[in-house]
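Asks: Per Swiss-Prot, the feature [4Fe-4S] cluster binding site maps to 22, 26, 29. Swiss-Prot lists 8-220 with the feature domain 'Radical SAM core', giving sequence analysis as the kind of evidence.
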């Protein structure tokens, strides 16, 4: 008897990377090393068509991101299109530059939610990490206005060696600013973070302590603040399901219109990414070679293929497998069943123990930095 092919579920969310332009230069940015220039960005009408196709496909949430999405002159128009289509819009912003000046217009256009990044709870450290002076004062003013308008506010804090001691202070900051949710997201080492890994990697003892702080705060602040925690892969026992599983829940549209299964997928050579300027979104979701490549479980090698967790973590991260093992189809080295797992943990311990961390290689458009070689490329 032939096996029945399961119906492909619709994606839940779409990450709309409207631009790679950003006033911050964070060394852990998940954007690609080769950033799209302004001249390559999709125009307003194309984004509106993409949003309409997303709604028809069944997408519920649109994450308006970048770079800094408010750098787009048409961000209000794009947000209004989301509202007109019944799409829940989430603005992922640095809160600096043009963000505050456009906030009320975004609110009037129907914006549903704001996610505001904080590089540090301390102004000087925030400037050092983000590479922008006077950023903190702009963020405070932006957060205050978001709450005054009645918009739900989530703070996002990417945690690494340079700010891991501030987790308690960042939790207090979220409460003080009136946020409903805080994301304590340990750095995921893709994009610029992979280049800066040795400068960003925290000690395992510090990671464990930060997790205990979050767990205590969750109990203490129950009903006041929801705290999400993303733990670092290099110290994990099992990998996370990348983007909820490759090609299962999310899709990412780049500023130039490429549609990716995850934001780092372009690091995998040989994948064919379809563009919204050439294909309808539904066609891309169902038939794009890039989405098909690692969707489901048939592509898996052992030990993933026979693992009881194969439909929980879906093999972990393909981009991380490539970066660390030299093979995108390999077991994610974050998994304890990977032959590289112990080596990767030892690498993290060694980098975190550096007495003086290397200088940051800041995110910039034009001229990608040198990329570390895969740990397992010659294994």
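Each Cβ is built from the backbone N, Cα and C atoms, and glycine gets one as well.
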Asks: Within 8 Å of the Cβ centroid of the [4Fe-4S] cluster site residues 22, 26, 29, which other residues of the same chain have their Cβ?
Replies: 24, 25, 28, 31, 67, 94, 130, 192, 363
Asks: Sort out the sequence-distant neighbours of residue 26 ([4Fe-4S] cluster binding site) for me: same chain, 6+ apart, CB within less than 8 Å of its CB, listed by position.
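Replies: Counting only residues 6 or more apart in sequence, the Cβ neighbours of residue 26 ([4Fe-4S] cluster binding site) under 8 Å are 119, 129, 130, 131, 158, 192, 362, 363.
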Asks: Taking every residue in the domain 'Radical SAM core' (8-220), what is their average pLDDT?
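Replies: Averaging the confidence scores along the domain 'Radical SAM core' (8-220) gives 97.
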Asks: Specify the count of other C-beta atoms within 10 Å of the C-beta of residue 29 ([4Fe-4S] cluster binding site).
Replies: 25
